[in-house]
Every structure is written in C-alpha cells, then in structure tokens.
Amino acid sequence: MGRITFSCVFVVLAFLLANTNGVEVGFYELKRGDFSVKLTNYGAVINSVILPDRNGKLDDVVLGFDSVDGYKNDTTYFGAVVGRVANRIGGAKFTLNGTTYNLVANEGNNILHGGPKGYGDVIWSVLTYKPDSHITFTYESSDGEEGFPGALSVAVTYMLIETNKLGVKFEAKAHNKATPVNLAQHAYWNLGGHNSGDILSHELQIFGSHITPVDAELIPTGELTPVKGTPFDFLELHKIGDRINELPKGYDINYALDGNSTTHFRRAAEVYDSVSGRRLQLWTTAPGVQLYTGNLVHDVKGKGGYIYKEHAALCLETQGFPDSVNHPNFPSQIVNPGETYKHIMVYRFTAH
C-alpha cells in the first residue's frame, strides 16, 4: 500500500453515561457520508461500522452490544483494544533483563489479552475528538499492572481516511522499565451484517505463507511452518468454510506476514462477501495477523437482541507474534524506557 495521509477533521456524537467510579463513559461517532464508525472509551471499543453494500443498503458489519454494560460482562473481547500484550503468554511468565515476571493468569496457566483486567476492560480518556476525522483515546498503565513491568502511556487513534477507510494507530511509551508491548484491535467482522448469520461463505486471503503453530493450550511452539497445502492455506482467495472442518474447532492461529519491513505498510488480508458485495482489505505495519473465526461465541445476546453463534464473525488481529517474550527467534516486542511502540493498521471497504 502506498503512503497514507491522515488529513481529516472529526465528527463525534457523545452520549455520556455515569460510571460508578465517577468517570464518564461515552459513545462517539465518526461519520463521513454514509460511512460511520461508533466507538466507546470503555475498552477503546469499536462498537459499530456501518457501510453500504453493492446496492447502497447500509448495514452494521461488526459484532457488539447496545450498551456499555454488555462490554463490562463480555468474555469475547468484542471490538476491544487488547493489551498490554495481546494474545497468549505461556505459563503467564517471562524473564527480561534477568528478572522473571509472574503475570496474572486468566486462561488456565496462561495469560490472554493482558490478563483478567486488560486494556479492553479499562476506561480510556478522550484526548482529542474532532468532526469528520478522528478520535484519540489514552490510558496510563501502571507499573505492575497484571504483573507487567513499568509504567506505560498508551494511545489509540481511530481515523477516517479518504473514502471508506478506517485507520487505527497505536502508540505506547515506556517510562521507567523495559516491558513487552503488543496491542491489537479485536473487532469481529461479518460483511453481510452483524445479524446475518455465519461467515463460512466469506472468501478470505491472507498474505502470510507461514504460521506460528501452537500446542494444545494454543501457545506457540516457536516454529514457523508453511501453510501451503494445509487447512491454513489462504494464499489464494477461497471460502473460510472450505476446510474449517479439518480443524477441531476452527481457526485461531497467527500468520507471519510476508515481507520483512516493520516501517512500511504491507498487505495482511482481504475478505469478500459475495452476497452483499462488500470487501475488506487490511494493511498493517505489524509482523503478524491472528485469524480467529469466533469458535467460542455461543449464544451471545448482541445488538438489537440478535443472538450471535459460533462462527458469527471473523477477527483479523494484526499484532506481534504470540508469546514472543518466550521465543527469542520471534520479532521482539520489548520497548525500553524512553522508546515508543507504534503499530498502524488500515481497513479499506468497497462494495461491488
């Protein structure tokens, strides 16, 4: 993808709700034409993305809840920013600069998406919010939070770019200790509409020729294995449901994206829904993307009372490799004091 310019101005509608801690939680809308994105500073969540199909019909294409209470009780991470370290860390511990850090496990013996109270379960501050352009949420993460070392200042900016593009920019500055940082956006996409059924007929292409295989607890083994000829092969566009039955539950795996640059955008994935004609193209500066097909979504009551079921959506979480703190051969996610972590992703939506 070529150079992207973020020359835009914000439109936001805020509906403020009183939080029990006296902190205000709001819903905010970015809108340009018939493309709109609704967000909340609870978990820096993407609550909805509304865009036209090939006939101009508008639909909301991400799963979510009607109220903040839904997100407070959520176990699916619908639309949330996850961190301090997205995905899993095996044994909920790692050693850095001679010190072993024991984290707060929340998935058996392991830690997932930052722990029992990761960034998807905190209230972010609103730094800037401008019409027809962008919103920036910030969060001050304390030294020792969920066991992670060092204070960390975190920001995520959602921005409307040109026509029907959504940019997401993560930044995090380490203050007093070296720490792992791996932030991801956990939106659940169904291009037919959040209430249209499953995504098994969606066609998917992933621009990664290798995966980081995992053990029975979904912790990477440290290897990189080729996808060609396996059920994980999405090198060419084909239906998600074509080979999903060859896997025990569905897809939940990290792809190592092709190319070795971390400073320029590379293609991560493309999704197409032939019924609506909607297409999602994803670019990122991150080295990996996690494909997850909503395998653990079971009868979740979502927006409008619709019941989300297994494979109701797919997640494409651009990220550093899972458990990289325990695999020196993986790209490092360590941020030293004074350094700034950056991770950008851009979604482009079309319909034909």
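Including glycine, each Cβ sits where the backbone N, Cα and C put it.
Automatic prediction, not curation, is the source of TrEMBL annotations.
As recorded in TrEMBL:
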type: ACT_SITE; residues: HIS186; note: active site, proton donor
type: ACT_SITE; residues: GLU317; note: active site, proton acceptor
type: BINDING; residues: ASN87, ARG88, HIS186, ALA187, TYR188, ASP252; note: beta-D-galactose binding site
type: SIGNAL; residues: 1-22; note: signal peptide
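Shown here: features listed in TrEMBL, placed on the structure.
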residue	record	Cβ within 10 Å
ASN87	beta-D-galactose binding site	29
ARG88	beta-D-galactose binding site	21
HIS186	active site, proton donor	23
ALA187	beta-D-galactose binding site	26
TYR188	beta-D-galactose binding site	26
ASP252	beta-D-galactose binding site	18
GLU317	active site, proton acceptor	24
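For the pair formed by ASN87 (beta-D-galactose binding site) and HIS186 (active site, proton donor), distance between Cα atoms is given as 10 Å, rounded to the nearest Å.
Geometry remark: ASP252 (beta-D-galactose binding site) versus the residue listed as 'active site, proton acceptor', CA distance 11 Å. Residue pair TYR188 (beta-D-galactose binding site) / the residue listed as 'active site, proton acceptor' shows a Cα separation of 10 Å. ALA187 (beta-D-galactose binding site) sits 8 Å from the residue listed as 'active site, proton acceptor', taking the CA atoms of both as reference points. In this entry, beta-D-galactose is bound by ASN87, ARG88, HIS186, ALA187, TYR188, ASP252, whose most widely separated C-alpha atoms sit 18 angstrom apart. Spacing of ARG88 (beta-D-galactose binding site) relative to GLU317 (active site, proton acceptor) is 13 Å (Cα to Cα, whole number). Taking the Cα atom of each, GLU317 (active site, proton acceptor) and the residue listed as 'active site, proton donor' are about 6 angstrom apart.
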